[in-house]
Amino acid sequence: MAIEFTKYHGLGNDFILIDNRASKTPAITPEKAVEMCDRHFGIGADGVIFALPGENGTDYTMRIFNSDGSEPEMCGNGIRCLAAFLADLEGLSRNKDTYRIHTLAGVITPQLTPDGQIKVDMGLPRLLAGEIPTTLGAADGKVINQPLEVEGQTWEVTCVSMGNPHCITFVEDVAAIPLEIIGPKFEHHPAFPQRTNTEFIQVVSRDYLKMRVWERGAGITLACGTGACASLVAAVLTGRSDRLATVELPGGPLEIEWSEVDQRIYMTGPADRVFTGKL
């Protein structure tokens, strides 16, 4: 059976989008997703995203298979791409259209704005060790500036969940981090029973952060939306940042706000269609 798809990217974090609205079961297996994501022998992507029927009163359901076949709870850049994909499927003009999307991390609400950006209500950050989850500290306590030994070096880390686990550490120069070496060590560290995404953050000013990321199940990527959100939260918790800041990723900038009004995280950034095809 031929599979129609459209490729999108959010700041270079790229995804294969599949219209799965006719069924609650993904059209392909995780093993097939691995083949499709291969950048040499497949289409090439960081993951495959399915637009499925909504659940519990939502408009749609989002599921993702990473490039290694694993299934994350949510993806920030991915949900912006999904919102753009749905708008294109429905023939909408991207003018203040809002979707309620069911994900494994809860209900996420992206809004398509007149300037072509997509603003996403990412919900409340989860800060307790048991929610992340991590074995660092007590399960009912926060993990802020905790020591973590990785590869013989002690790192100060702050842990945040945006529905998926993030371990954030602040460094002098993100460009100097050997991400391909140290990233997998963080991801598979025994302190993270469900593995973890890891963000290395350089604070340029209180409203400007530079970030590099090792994504759980995908490795080095050009951008990570949930990671940018978690990193701002970590920067605020450690007194390094204001609650509204630009997070500069290798693929470009995201605007992240941790609202003082409702304590929710709002992410604003682009999502662009690359091409369509059939496999």
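Including glycine, each Cβ sits where the backbone N, Cα and C put it.
According to Swiss-Prot:
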BINDING   ASN13, ASN66, GLY76, ASN77, ASN164, ASN197, GLU215, ARG216, GLY225, THR226  substrate binding site
ACT_SITE  CYS75  active site, proton donor
ACT_SITE  CYS224  active site, proton acceptor
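Overlay of Swiss-Prot annotations on the structure.
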{"residue": "ASN13", "record": "substrate binding site", "DSSP (3 states)": "strand"}
{"residue": "CYS75", "record": "active site, proton donor", "DSSP (3 states)": "coil"}
{"residue": "ASN164", "record": "substrate binding site", "DSSP (3 states)": "coil"}
{"residue": "GLU215", "record": "substrate binding site", "DSSP (3 states)": "strand"}
{"residue": "CYS224", "record": "active site, proton acceptor", "DSSP (3 states)": "coil"}
**Request:** In whole Å, note down how far the CA of CYS75 (active site, proton donor) lies from the CA of GLY225 (substrate binding site).
**Result:** 7
**Item:** Rounded Cα-Cα span from the residue listed as 'active site, proton donor' to ASN164 (substrate binding site), Å
**Value:** 8
**Prompt:** the residue listed as 'active site, proton donor': which of the recorded positions ASN13, GLU215, CYS224 is the nearest Cα neighbour?
**Reply:** CYS224
**Complete:** Integer Å value for the Cα distance linking GLY76 (substrate binding site) with CYS224 (active site, proton acceptor) is 7
**Asked** What whole-number distance in angstrom separates the two most remote CA atoms of the substrate-binding residues ASN13, ASN66, GLY76, ASN77, ASN164, ASN197, GLU215, ARG216, GLY225, THR226?
**Response** 17
**Request:** Could you state the whole-number distance in Å separating the C-alpha atoms of CYS224 (active site, proton acceptor) and ASN13 (substrate binding site)?
**Result:** 7
**Asked** Any idea which of the binding-site residues ASN13, ASN164 has the thinnest Cβ neighbourhood at 10 Å?
**Response** ASN164
**Prompt:** Long-range same-chain neighbours of GLU215 (substrate binding site), Cβ under 8 Å, sequence gap at least 6?
**Reply:** ASP46, ASN66, ASN197, THR221, CYS224, GLY227
